[in-house]
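Starting off with a structure, shown below.
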Amino acid sequence: SKTISKCYVQVTGMTCASCVANIERNLRREDGIHSILVALMAGKAEVRYNPAVIHPAAIAELIRELGFGATVMENCGEGDGILELVVRGMTCASCVHKIESTLMKTSGVLYCSVALATNKAHIKYDPEAIGPRDVMQVIKDLGFTTSLVKKDRSASHLDHKQEIRQWKRSFVVSLVFCIPVMGLMIYMMVMDSQLSAAHAHHNMSSEELEALHSSMVLEYQLLPGLSVMNFLSFLLCVPVQVFGGWHFYIQACRALRHNTANMDVLVVLATSIAFLYSFIILLVAMAERARVNPVTFFDTPPMLFVFISLGRWLEHVAKGKTSEALARLISLQATEATIVTLGPDNVLLSEEQVDVELVQRGDIVRVLPGGKFPVDGRVIEGHSMVDESLITGEAMPVTKKPGNTVIAGSINQNGSLLISATHVGADTTLSQIVKLVEEAQTSKAPIQQFADKLSGYFVPFIVAVSVVTLFAWIIIGFVDFEIVEKYFLGYNPSISAAEVIVRFAFQASITVLCIACPCSLGLA
């Protein structure tokens, strides 16, 4: 439909499929947006919209409101025929009207919008009838200076260096504090197994076993209710919770602010509840001056954060590798072209260095030895060998003579060539290859669409199961306390049965939350 336009938006801050589902679901609800496809690997959203209702800048703002970074990459109908210029010398609204009215009277100009506040002009034109340099010349003839808005050719939106650094730092912080926690856990497991073996061989009573257990170095109480083990675990857990989990908390807050729940929400819920439960239980034990040390979960946050941040780090490394081929393709594009004016018998009259975006169909372009071809074209003068291996895979240089075609991005080797531009801008072979690769990254298999949809319901489902587990064990405990006694080993016999049941129910509930964090669906 002629009323539907398409734009591409660079999106940063996405970490998993639920981020993709969050953006797609929220934007589909907006008026004027007909469809949206978000590519996690490419960090890009393709949006089809009604320009009479919404414009690309507003679409990018909607994505930013969801907590992600967003900038408009390209407003494209067919990709070319759209020009963005910086216009200097405008002083009032009459200057704007003068430029707009003159351009709209110019043959081939389809649309023009000039903003005095930003000194920018957006022009849509027919490449068959007029070119970008012609449009700029019309504005210059009116007494204004104009220049092209530089496009980002660096493929920075495919660069994951910042995310790689961020998650590497999170992993290292978590690992530094996780290793001592793991050491404490292993020590306690070994000692507990030895005590169990001693209990089996020497027929020790429960009281003797408890006394022997309390005599262990890590079970020694610094204060009543506060053991060395729990104190060290608390000290090691706090830095991980604050620094190692910082990025998880940011992403989770953004998700919750827009009524969605992603894997970050699940990780933050599991680690925060485990930490708070352990801290409160420790305070209660100290207040009660308990002789038996309480069971805490201070080891859970460091363990979870270290494995999940490692996964995120490796994920962004993999994304960077996946996008590397596309970034290299984009880097093949030339940035400038030498346009020449020929007289009778192909006598060179003048030459001018211009941005590659300003090359028009039919322009005569000069390519020196070692230079890249800025556009697709046909040789009109000169003989040379051309390296097309990066485009075609041809191992040997190809001979070029008048009448032969050349491909944008290929490298001229030993002779100077004059070519007539046949395909420019988004119509060049290289631009079409880049576009195909980007579209392939944007498209999704049906099973991937199903997984994305499922991931949106996964976190609420796990939270619901955790809550059900909590209440189920409370009910079971009050109906038959012996079942809780059977599974809740080492509880403090001096506290009431109701408190024992609630503590065990919380432990079971927290366990459900924690084991769901590094699940296969979330990782996939």
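Every residue gets a Cβ built from N, Cα and C, even glycine.
A quick note: this is a predicted structure, and the numbers were derived from the prediction, not measured.
What TrEMBL lists as domain 'HMA' is 5-71, 81-147. Feature annotation from TrEMBL assigns transmembrane segment to 171-190, 222-244, 265-286, 292-314, 457-481, 501-523.
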Cβ pairs under 8 Å with the transmembrane segment (457-481): which stretch of 222-244, 265-286, 292-314 has the most?
265-286
Near the transmembrane segment (222-244), which same-chain residues lie under 8 Å Cβ to Cβ, leaving out any that are not at least 6 residues past its ends?
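Answer is 170-171, 173-174, 177-178, 180-181, 184, 188, 271-272, 275, 278-279, 282, 284-291, 293-294, 296, 298-299, 301-302, 305-306, 309.
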Taking all residues of the domain 'HMA' (5-71) together, what is their mean pLDDT?
85
For a three-state summary based on DSSP, what are the helix, strand and coil counts in the domain 'HMA' (5-71)?
22 helix, 24 strand, 21 coil
With helix taken as DSSP H, G or I, strand as E or B and everything else coil, how many residues of the domain 'HMA' (81-147) land in each class?
23 helix, 23 strand, 21 coil
